[in-house]
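Heads up: the structure comes next, in structure tokens.
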Amino acid sequence: MSNRKDLLSVLDFTVNDVGNIIELAGQYLENKAANGRILENKTVINLFFEDSTRTLTSFEMAAKSLGANVVTLPVKSSSINKGEDLTDMIKTLNAMNPDYIVVRQKSSGIVNMLAKHVSCLLINAGDGSSEHPTQALADYFVISSHKKQIKNLKIVICGDILHSRVARSNIRLLKMFGAKICLVAPPTLICKHFPEVDSIYYSLIEGIKDADVIMLLRLQKERMNSGCFIPSNREYFYLYGLDSQKLLCAKSNAIVMHPGPINRGIEISSDITDHIILQQVEFGLAIRKAVLHYYRPC
């Protein structure tokens, strides 16, 4: 167990790790990866305590395409609903000797506790507002496919920064490669405690000036308490929603990204092309194949 390497945070990556995973993902994207059944006779358990379309489906498709036996546990009908403690549940699953457990949980940091109770490899598929490392890898992959290098790119992340695990993971990963990170959000949804951030704006038009990449985030109302003041949907779109007119403030070759799910008319208008956003989904599948491959147990 001491030799295993979990994937819980972007901070678990070295620069070499990222390069190797991106190289593998490129091979999977082009269907050129050798030994496509590399996970044959391996078992992957997907344990998702939050709703998911993109991440769950892509992890399941990735594992199956690599030859793994895949178990996606229906949490809503599991023993958790009979009062079983989460630690006991993870120990029970670990006793079945899977090779991977892929976890999404609504509580920030919970994956670090769970990792102490398993002998298999644990992959964080999103924990509360904390981290989403494979989404950050997918976003890095997309950006690097459109831009010559990450260094010195002005990357603007706009939206509900406070509650976003995608923002946290992207900030850390992209800064590792020298990007200039700018945040745009309402004052009540910003987080000022990122040493990696270069600038903060409370106006989208000001923030995206000369931007190379604009990454939009949805309002995560399910994580907000009743005392969290936010603009109405209409006000939010007026101030922080991106449309084709506001996009003119960015560089002419700027790319627009969104990790999904998208709320049209709130953070983005329908007149913005979603080509890159769909590419994030496509590249996300290749990244998850690469991650399962790269971290495969001996």
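Our numbering is plain: 1 for the first residue shown, then up by one each step along the chain.
Cβ from N, Cα, C; glycine included.
The carbamoyl phosphate binding site annotation in Swiss-Prot covers Arg54, Thr55, Arg104, His132, Gln135, Gly260, Pro261 and is backed by sequence analysis. Secondary structure from DSSP puts His132 (carbamoyl phosphate binding site) in coil. Same-chain residues at least 6 positions away in sequence with a Cβ under 8 Å from that of His132 (carbamoyl phosphate binding site) are, in sequence order, Thr55, Asn124, Ala125, Gly126, Arg165, Val166, Arg168, Ser169, Pro259.
Taking the Cβ of Arg165 (L-aspartate binding site) as centre and 10 Å as the limit, one finds 23 other Cβ atoms among all the protein chains shown. Residues annotated as L-aspartate binding site in Swiss-Prot, with sequence analysis given as evidence: Lys82, Arg165, Arg218.
The two recorded residues, Arg54 (carbamoyl phosphate binding site) and Arg218 (L-aspartate binding site), have Cα atoms 15 Å apart.
Within 10 Å of the C-beta atom of Arg218 (L-aspartate binding site) sit 19 other C-beta atoms, taking all shown protein chains into account.
Cβ contacts within 10 Å of Gly260 (carbamoyl phosphate binding site), excluding its own Cβ and spanning all protein chains shown: 18.
In this structure the residues listed as binding L-aspartate are Lys82, Arg165, Arg218; their two most distant Cα atoms lie 33 Å apart. The Cβ of Arg104 (carbamoyl phosphate binding site) has 24 other Cβ atoms within 10 Å, all protein chains considered.
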